[in-house]
Structure formats: structure tokens, C-alpha cells
Amino acid sequence: MEFSIRKSPLSVQKVVKCMKMKQTPEILGSANGKTQNCEVNHECSVFLSKAQLSNSLQEGVMQKFNGHDALPFLPAEKLKDLTSCVFNGEPGAHDTKLCFEAQEVKGIGTPPNTTPIKNGSPEIKLKITKTYMNGKPLFESSICGDGAADVSQSEENEQKSDNKTRRNRKRSIKYDSLLEQGLVEAALVSKISSPADKKIPVKKESCPNTGRDRDLLLKYNVGDLVWSKVSGYPWWPCMVSADPLLHNHTKLKGQKKSARQYHVQFFGDAPERAWIFEKSLVAFEGEEQFEKLCQESAKQAPTKAEKIKLLKPISGRLRAQWEMGIVQAEEAASMSIEERKAKFTFLYVGDQLHLNPQVAKEAGIVTEPLGEMVDSSGASEEAAVDPGSVREEDIPTKRRRRTKRSSSAENQEGDPGTDKSTPPKMAEAEPKRGVGSPAGRKKSTGSAPRSRKGDSAAQFLVFCQKHRDEVVAEHPDASGEEIEELLGSQWSMLNEKQKARYNTKFSLMISAQSEEDSGNGNGKKRSHTKRADDPAEDVDVEDAPRKRLRADKHSLRKRETITDKTARTSSYKAIEAASSLKSQAATKNLSDACKPLKKRNRASATASSALGFNKSSSPSASLTEHEVSDSPGDEPSESPYESADETQTEASVSSKKSERGMAAKKEYVCQLCEKTGSLLLCEGPCCGAFHLACLGLSRRPEGRFTCTECASGIHSCFVCKESKMEVKRCVVNQCGKFYHEACVKKYPLTVFESRGFRCPLHSCMSCHASNPSNPRPSKGKMMRCVRCPVAYHGGDACLAAGCSVIASNSIICTGHFTARKGKRHHTHVNVSWCFVCSKGGSLLCCEACPAAFHPDCLNIEMPDGSWFCNDCRAGKKLHFQDIIWVKLGNYRWWPAEVCHPKNVPPNIQKMKHEIGEFPVFFFGSKDYYWTHQARVFPYMEGDRGSRYQGVRGIGRVFKNALQEAEARFNEVKLQREARETQESERKPPPYKHIKVNKPYGKVQIYTADISEIPKCNCKPTDENPCGSDSECLNRMLMFECHPQVCPAGEYCQNQCFTKRQYPETKIIKTDGKGWGLVAKRDIRKGEFVNEYVGELIDEEECMARIKYAHENDITHFYMLTIDKDRIIDAGPKGNYSRFMNHSCQPNCETLKWTVNGDTRVGLFAVCDIPAGTELTFNYNLDCLGNEKTVCRCGASNCSGFLGDRPKTSASLSSEEKGKKAKKKTRRRRAKGEGKRQSEDECFRCGDGGQLVLCDRKFCTKAYHLSCLGLGKRPFGKWECPWHHCDVCGKPSTSFCHLCPNSFCKEHQDGTAFRSTQDGQSYCCEHDLRADSSSSTKTEKPFPESLKSKGKRKKRRCWRRVTDGK
């Protein structure tokens, strides 16, 4: 039979000849069609899972998938009948020669193995041909073996195709890593043993490339001793070993696959391994080589500091570990490679690393025997299966492969070609670390990672959901099956810890159900088929939705079914299940769906980690995030947020009961170690919980348990932690916290009552800080700090960023942040400008945040000691999704967004951080970092940051960051407004409903004596006694009648305030004005609508509340003044009248009435109000606190602002006329018209020079400074002495036109003034000069001293200076 494969993007044209063979019912000697004792190692199973062969040669053609003839990867389930295709005939009838070839493969190779042959049977020759997928070469395989001619011809064709596709297609880094793994695994020769378990050698000439030939091309091979250099650590002795996942000791790294890495294991008392680049490895020759290596590294150091660091001796914490590694390396150097590998290769038990028992014993580390490790690991696996007693069809595919590898490894123990660095994986308890081990100094995570099959199947579905889009984008031409295989290849490269990140709520429940299944019966096996067929057992699942869960569990069971029929289609069902999750509501539980692999979210249900973190002292701890390692030294940092993310997710699941109306179960935390677990509850008043170990107890005490404080009756204050003075307990029953009254008064959330006080742990600080007047009610789940009286509502909206969640209802708040010495990003920093005026100078800096102010801008004096801004005193904290400015290092203040720790990439989550720190995302640069409250401040609308925004380098990045920050700020603002609107539309803000005014503080309510109440003249026989249409004297004077005084008695209709006769109204949500009040029936003009009631406060309290409202940006408040000593505040307490809005054209008015001697305010209709109309009144009546608040009443005469008088009809008409009036045309002045011409000579002496001009309009006088008696120019507007009286300086009325002499009315009498012919007057001085022949001299009218007219008390100004000609 001959058929050809046409050329396609996935294959190279080949002609394959196959001989028709007789089918037999037995396969490899099994009577029932099943393989028995067929031992196939892991390399073979991996290879077979990636080879594509026809299930039946009788079909005549090969399978086609998506139009392609060959596929690069297929699961092992599709090839389970491979033996029926190849090994036909009787058992051991054929001499099959398996040769797996790969070009450019450098790795470990083992001698090939063959099965027995039988004379007379046709010979089957298998050759795997190199195929191409998207222009990328895969491995080779085909059924042939005629010599080197076919090989060289195929190599030539492959080289041509490879060169062609390399020019046309771009290489994929992620795909290349999978490609290399496939090449390496294909190069490893697998061993298939006969039913009799006989090992038959293979002729070496059957394979042109053996593993030994490939090893000669590599610089290092398995078992070689090397020095490795990892940043931050000295040169360390290592041994090259094979990676337990890739089953290879080398791989190519980098964008162009130009850098080679080797897998090494570090010598020492802690088993740790890593991938190291070849340039960081040097062959090990002895300890004396260390100094030389340090000197060579120092010569290549880029900076002097780095050089000093490299030459520095090994620190004390690493010295013991390093010296032990040197001893082990020198011992290994004296051994042969096989002995070295046998003794020093790590044991991979389960998913953990362990030292060889012999090495651990020499190092003084106590470990369990290997047999006990295997026994103890059986409980953590799915079930302990005996290969000899359980049929192979009852073993799942994954576990069957593990069993085959175990048996294969045992049989290959004496084979020198067998790789001993990859023993069978067994779950084992971690051995005790050595004292000097850096990994031993790490805090363990408290629970081992799960490896249950139910979890693995569910995790794979989540993995497919998240990363399907990525793979499809990289391989658009691939079919669905190919995408499934690529995803499976990526999944197989992850270790158990990385796989655990893809847990879901469903996988948790399935895992628990699997554990129950494993405990049923004798523990030997589980009947998945029976459980899948019996849906009655699903009733035990308590979580909702049941229907979707049952469907998912059914699909997961189908994936794990062992029968041949379901194994063939399991991978397709997994694809369908994963894709269906995208279109169902289950995507809500998979919050990380459709996110790239780099930024995937962390697992929401992994085991919670312990608080605290210690820096690793091993070289492998400095590996990059892309390196794959199973060593304990590569575990993520055990930061407070690790447990925070998990606890919050678990809390959100458990809180569903409370959403259905049931109270959530309280989770207690130990008061000593602040951790959860099995706790002992105190039955005393403190309601505390403790671990037995924390109390020093070995077992639970009998009877009633009380802690030491409750037993002694001396409790410590929860704030100051001291018990010297008297403490009082919170009145809430289950609280149990004690406080000094002085300490608890410092917190504004403390509520004092008649029986005591309610502590701040029962109110949300975020809700109070955002709206102190109307905070959100304390109902709902609260998360309380275990160290101080701070509490928040559960959820990201209220919980402050930086809080460490230690239980579903317990946190450690950000107030307990401790700055570490030597860390620059922990230092506090303040801005260099005022937050009010944006100017520098002498600033008052906040001690908790970067805020700074001028004391004058805050209207306060410069305080002594520490000072905190208003926001910090009020308890305002940053929340997730807040846009902020961050100061990091030497960079400018940079815009960023506060991120939740579970929404950042895994490498950012692993960064070491303290309680109170939170991750931020920098706009523009797309970077992340951990920071805290003292280095950030909120972003405000309109912020522009630094003015230095260039078009190159960091300036351009900063400009883009500002644009991104502004867009994100507006987006988050709209989201929050929509959420607040949705919440506010449900019901009005909370307040306390009262019926009459409640006095506050010193305010009193007056009550008059009955004899003082006026009596009206109404009679009970009148039609409407004391009604609105009657002539009741009390009604006219706005007095309410008293029932014991009014003649009408019970028929009196002037008792609306006392009887509260209000028309029926309802509260509604208005457009743009918040909540309002509408009438439900028609209201007549003058009818009483409602009484305005609230808290009665005095003026001092009123001003204090207004000041507090201004400081905290509270705008929704209204104070109504009754008289000088009493003001009504209806904010915290009131009735329906508090919802009435303002209007410049209202339908109600406020009137002061006297009721039983006390003044009260009533609302009366000023016009007929139909039903459904909103009730409004004018707030301008004796109101305080409204400063230019925009009015939104929409009336025609709206003034625009609250507090301003509404526009009258006259003003409206004048405005209309003004708008219609045309602008008057103005006559243009001629050039020079209206300008005055100043004199060029001094008005006193008549000479020219530098003159001072008078600033008075139309005055042209000019003077010398010496003539005015001045030494410098006058400042400001200056008028010459001619305009002021020479005696008193008042404005002059009589002027001399020849000199500056002038006088006012009072002093002009007695002065001789004469007039010239042109009407100008002159003084007597000029008359004497004119008439020199006169015999009689006129006496001077004023002393000589008064003639000095330049020295005036008024401020003068220089206006203009001219030069005389």
C-alpha cells in the first residue's frame, strides 16, 4: 500500500511505503487486548504523545486535521493504539529498530532499545520526518531506515525549506522554546521492553547520531563540575544535572536562540537548582580557583562600587554554606562521573527537592528513609495503586505514565546510559534544613501544594481559557486540535506551584470531593465512571450554582475516564469545556480570563502564606522570573499580601450566605500571633481567641477557659496597650475591647451613649472620611484591624490600599507601616510647594503624607512639634484605582494608579514589601513598584505636573503619562459616579427621623405658662372655628391656640403644629437636585405643609459645624436661624421637610409661629399646589453657610446662586431692554484731542530742566525738586501745591496764576488778590513788582515760612519727567 502526502504548510512532501500486515487479536502478548508489563519510560511517552500516526493502516490514508496532512503535536490518548498499527503479528515477532533523529540537537542521549524479533515476519522501520508548522521546523519521524542516503536527502530538503520559511516568517520566542523542548525530547531514545522484561542491546550503527556524539558538541555534560556566578552571590560550586521537567541539561535562550543555558544544582546542605547561562560557568578545578575567578570578575566590573563588591570576602551568613559546598565539590571531583551522579544528584519526590540521603547524612541533616517518603507521599496522591494488582485500564493516563517511569527507572539502574538525575516523582515531606542553609532560613508556607487530578483537570481548563487567545494569535493557521496540543505543551512545562495559580472555586470543591472518594473503600482506586453515571451524589455539593457545577464536574470526570473510548476524545471535550466557559456566567469566577500570561492573576484559592519574609541567601533566589525551578529557594516571597489576596477571595465566596440574609460566620484570629487556625476561645468579657501553643499549653483545658486578663479583671487599653488607669468596655456585646476614655475620645468615630460608648471598630473609617455628615451605615461585613480601633467595609471600595488581610474579617491597617533603615523608598518626602497657593517658601509639612501648606494659607500659627493635615487627621486613605502622584528615586513626581496586588504580574507580587505598601502602575513607562502613603498624594483634575515636558527621552514619556493619567482619572471618576448614583437611587441618605426639635448643647426649649398663652375670640359654634378663613386673632398674629385656652376647644383648627396635621407627601429622586419632596394630594394656598424640625444649636456650634464642613469639602448642609441663640440643623436629624429643595420661585414659604410660648418654623403653601408637584421654598430666609452655591431650580427669575435675591420683574424687563438696545456709536477723537500740554518751565522759578509734573487732570504745572524742597521723587499719585491751601492744605479756591500761592475759603480773607484784564487773578507779590513807584508797601498776607509749598504730608508719585529747553 502506498500513498503520498501532499505538500502543506505543516509538512514536507514525502512518500511513505508501508507493507500490509495481518492483524492479530493480541497486542504485545496481551490476551485481552491490553498491554501487560509494558515498561515505557517518560522520554518515550513524551515522544509518542507528539508523533502522529494513523490509527489503522486499513484506512488507506492518513488522518487530516483542518486540511493538513501532518500535525506537530498530538496527545498520547490519540496514540494508545499505536502498537496495533506498528507491532502487528505475534508478540516479539518483529525486529523493530526505533531511531529518533533531530538536527542541531545538543543534549543527553541514551542508547536506543529494541524489542525482540521473530524470524519470518516482515520488518518495520520507523523514521520520524521533520515537519514544519508556520515556518518552524519540528522533529523527524517516519517508518524507514535504509541508510544515510535518505537521511541526507531529507536533511537537504529540510534545510532548504527552513531557509525559505526563515526569511518569510518572524520567529516566535515562546514557540521556539516549545520547539527546542520537542527536539530534545525527540532526540532521547526510549526503551520498550518485551513482555518477558528482557533487555536486548541495540546496534549502534542503526542510528547515525547517538547521544554520545551529541554530547561531544556541548561544553558541559551531566555530571560535570563547574563554578557558577549568580548576581549578588559569590562563585559557587555546582554540578550539571538534567532538569526534571525538560529532561535535559541544556537549552537555548534569547530572542535569536543564541545564548545557551545549563541546568546546575548547587552544592551545600540545601537542595537548590537553577538555569545558568554558559558565560557564567567555569569548569571546576579546585578551591584555589576561587580567588582567580573573583579577580577576573572584578576586572570586568563596569563601576568601582561593583568591583569592590565582587572583591569583598564572603559574608558570614553564606560562609558555612559555601564551605560545605566546596567540600562536596572536591569530594565529587575525586569520583567518576557515574559515582558522582549516583551520590550527588538530587531526589525529586513529588514536587519537592531533596538531598541524596547519603549526602544529607554526611551534612548532619536528619531525613526520613526513602521508603517512608514514598509511603507518606501516598496519602497526598490520588490513591496508592499497586501495579501488580490493579489493571492498567483502571489507572488514569497521567498516573499510568508515572508508574511506567518508576518501573523503567528501576530496570535501568545498572545501565550507564540511564539518566539518574530524574528519579520517579513522589510526594514527600520536606526534610529538616541545615542551620546554615539559606533555604532553611525561609519561612515555609504552611501547606503543601496540591497535586490532585481533579485540581489538575480544572486548572488546565482555566489555563486554556486564559491563554487560548495568545496561542491563536501566534498560530492563526493552526486548527483547534493543534491549539489544544500547544496549550498542553505549555501546561506540561509548568511546575505544580505555577499550575496551582489556575485554581477556581469549582476546582476546590472537586478537590474536596476527590478526597472523599479516595477515602471510600479500601483506598486502592476510585470508580470515576460510577460517579459520573450516578448524579445522586452531587446533592452533597452545597455551593451554587448547582446546575453549572454539575455540568463542569461531569466534563472533568469525562476528562479523567480510563476507558479506551473516552480516552480518545478527552482532549476534545476539554477544549469544548474551556471554550464554553467563555460564553457562560462562569467567567465571573475566572476573573483573570483573557489576560496575557505575563500579567495573569494569582491563584485565588491557594494556601495562605505566613506573615513576614526573609531574604534568601542562596544563589537560586536571584533568578529571573522566567527561570523554572522547583527548589524551595525559588518560592515567592511570603508577603502579607499573599494571604491577603487569598483571604479576600475566600471571604467573597463565604459572604454569599450573608447576601442571602444569613450572618457570615466570624473567623477568629489569635491575639498573640495574629494568625488563624485551631483557636481556644476565652469565655470572659474580652471575647479573645488564642492558640494553645501561644499560651504555652499542650492540650485544651477542661471546663470553662478564661484568659489571664479576664481572670485577673485587669484589662489593657486597646489603643495605648496600658492597664494603669481605669478602662471601660465597648457596649457592643461581641466586641470585647477595653479603652481608656481619654484614648477613645481621640477617634471621631466613637459614639457615646447613655450606657457607655460604641468604639470605632463598628464604623467604617473610609465612609466617615468621605462624608462625615452622612456616613454609610455600619451594616454589612466589617474588616477590623487587630492592632488598633480601625475598621473598613469589606471590598475594594472602602478597604484602604496597603492593608494586610489576615482573615475574612481581620486586617492589619496601613497605620502600622514601619520604614526599614537603608531603604530609600521607605523615607518620608514632602512637596516643595503649598497645596493651596502652589508657591514655595516657609512651609508647614504633614508628618504622614507629602502635603505642605503655608500657615497663612490655613489661617493658623506655625505649630510646635509634629503636625498632620486635615485629611490625615480625618483618616483619609488611598484606595484601589485611585490616580496619584508618586515620588520614586530621583525621578520627578510621576502619575500612577494604585493597583490591587492580585492584579499585578507575578514577578511584582513576589517583590519584598512591608505592611502598608501597595503596588502602583506608572503611566507612560508601564512599570510597577511598591510604595506607601508617605510618598504619594492624590491626583486632582487639571494637574499638569512638571513644566519641563520635552519631545525627547523621558520628557516625551512624561507627557504621554499625563495624557494617560487624565484619561484614566476621568474613566474612574465616571465609574465611581455611576456606582454612587446607583447606590443613592436605592434610598435616600441615612438620617435620624424626629418629630419635634431636639436641643443640642446649651440650647433650651421655652415652654410658656397657660396663663401667658393668648386667648382668641372664636366660638365652637362657628363654621370653621380658628380656621384659615376665620377671623381668629391668634392665627393673624401667628400664634397657635392651646386646647385648654381656646374657646373652640376640640373644634379648634389652629393646632396644626401640635397635632402635626401634614398633607401626605413622598420622597423622590430629582434630576440634578438630589432627593426632593412631592405632594401626593392637592394643597390649597395658605395651607400648612410641614414643620421644619432638626437639631437646635447655638451660633457657636453652628459656626463650628460650618467650619468642619468647609474643611472636609461637605457642601450639602443648611442652617436655618430662628433667633440669635437658636439655629435649626436638619442634617443629622429631621423629618421630611429636610428633603425640600430651594427655588427662586417657590410654592412654599417659611413662617415663624409661636407654639406654647416657643418659636417654631412652619412651611405654608403660597399658591395652589396640585398633586405630584415638588414642594420648594426659598433658602434665603435667615440662612447661613451657603456661599455662592449654584442654584439649579430652573425658575424664570433664578438668581443663579443660593443666597442671592431673585430677580424682580423690573430687573427682568430692564435686562430685556438692555439686550435689545443697540450699541451707541462713539465719535472718534482727533489725534491729539483731549491730551494736555505740560509746561516746560518751573512754575515757581521759571527755569527749565528736570521737572516734576502734576498728576491732576488738566493741570499743566511743572516744578523743580529743589523748588519743592524735596530730595527725591514723590511716590504714587502726586498733585502740585497749587491745588492746596498754603495754610491748612485743604483744597484751594483762590489761585495765583503767576506763582503756586493758593488759599481755601477760610484763609482767603485778608489776602490781596487782583484780577487782570483777561480775568486771571494774581497775588500781592506780583502787584508790588508791577508797581515799584508806589510809596506805600503792602504787608505780606502770610509768613515767609508758609510759602514753602513742597513739604506735604500726603504721599506723592512721580508721573513724568521732562527736560526744559
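Residue numbering: from 1, along the chain as shown.
Cβ atoms are placed via backbone N, Cα and C, with glycine included.
Note on Ser8, Ser121, Ser194: Swiss-Prot annotates phosphoserine at Ser121; no matching annotation appears for the rest, which is not proof of its absence.
Of the residues Cys1026, Cys1056, Swiss-Prot puts just one in the Zn(2+) 1 site with Cys1016, Cys1018, Cys1032: Cys1026. Per Swiss-Prot, the annotated phosphothreonine among residues Thr110, Thr115 corresponds to Thr110. Here Swiss-Prot has Cys1191, Cys1193, Cys1198 binding Zn(2+) 3, and the candidate from Cys1144, Cys1242, Cys1245 in that same listed site is Cys1144. Within the listed segments 39-86, 279-326, 903-950, 1239-1286, Swiss-Prot records zinc finger for the stretch 1239-1286. Counting residues per DSSP class in helix, strand and coil order gives 9 helix, 4 strand, 34 coil for the zinc finger (667-713). Mean pLDDT, taken over the zinc finger (1239-1286), works out to 83 on the 0 to 100 scale.
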